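Feature annotations, courtesy of Swiss-Prot:
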BINDING   Cys35  heme c binding site
BINDING   His86, His187  heme b 2 binding site
BINDING   His100, His202  heme b 1 binding site
TRANSMEM  32-52  transmembrane segment
TRANSMEM  90-110  transmembrane segment
TRANSMEM  116-136  transmembrane segment
TRANSMEM  186-206  transmembrane segment
Amino acid sequence: MSKVYDWFEERLEIQAIADDVTTKYVPPHVNIFYCLGGVTLVCFIIQFATGFAMTFYYRPTVTEAFNSIQYIMTEVNFGWLIRSIHRWSASMMVLMMILHVFRVYLTGGFKKPRELTWITGVVLAVITVTFGVTGYSLPWDQVGYWAVKIVSGVPEAIPVVGSSIVELLRGGTSVGQSTLTRFYSLHTFVLPWLIAVFMLLHFLMIRKQGISGPL
C-alpha cells in the first residue's frame, strides 16, 4: 500500500496539497457565526443528493408532475423522507444564506480587498433564491401553478421589454407545459452549473485572501 501511495506522492505531491489545505491560519476572533457559509454549503450538498435521487421518478409534464410527486411520497422506498429532507434543507439553505450575508456585512467582510468575494456571494444568494422559486413550481399543484403565474408575470411591469421577458419565462403567453419545462431545466441543469462555478470562484478567493479581520 505504501508503494502505491509513494507512486502517487512522487507525481502529485499529495502531502503538500494536504498540508496546504489543513494548515491555513484561522484568526482568533473567529466564532460559530463564521461557519454559516459552510452550513449553507452542506445544505446545498444535501439538496443536490436528494434532488438527484428524485429525478429518477419525477416526470416534468403538466399531466404527470403532481402524480409523480405523490408516487415518490407514497410508493418509493424512503421517498417521503428524501423529499422531506429536500424541502427542509431548502428552507435551511435560504435561512443560512441570509444569516451568512448579514454576518459578512456586519463584520465588514465585503471591504477591500474582498469586494469580488462579496460580489460572487451576492450572485450565489440570487441563484439560491432562484432555486427556491423554480423548485416551488415543480409539484405543479395549485400552490406551484399560481406561484409560477405570479412570479413569471412580475417582469411585465418593465417598460418595452416586459412582455418579451414574460413570454421567454413562460414559453408563450400563458403558463403551461413550456413553462414547467423551462423551470425544470433551470432547476436541474442551468442553476446547478451556475452555482457550481460561482461557488468555486467564491471558495478560491476565500482560500487566497483568508478570513477578514475584526472591525
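Glycine is treated like the rest: Cβ placed from N, Cα and C.
Swiss-Prot feature annotations superimposed on the structure.
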{"residue": "Cys35", "record": "heme c binding site", "DSSP class": "helix"}
{"residue": "His86", "record": "heme b 2 binding site", "DSSP class": "helix"}
{"residue": "His100", "record": "heme b 1 binding site", "DSSP class": "helix"}
{"residue": "His187", "record": "heme b 2 binding site", "DSSP class": "helix"}
{"residue": "His202", "record": "heme b 1 binding site", "DSSP class": "helix"}
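In space, Cys35 is the closest of the binding-site residues Cys35, His86, His187 to His202 (heme b 1 binding site), judged by Cα positions.
When the alpha carbons of His86 (heme b 2 binding site) and the residue listed as 'heme c binding site' are compared, the span between them is 21 angstrom. Each residue contributes its Cα atom, and for His100 (heme b 1 binding site) and His187 (heme b 2 binding site) those atoms are 23 Å apart. Separation of the C-alpha atoms of Cys35 (heme c binding site) and His187 (heme b 2 binding site): 26 Å, rounded to the nearest whole number. Note on the binding-site residues Cys35, His86, His100, His202: the fewest other CB atoms within 10 A surround the CB of Cys35.
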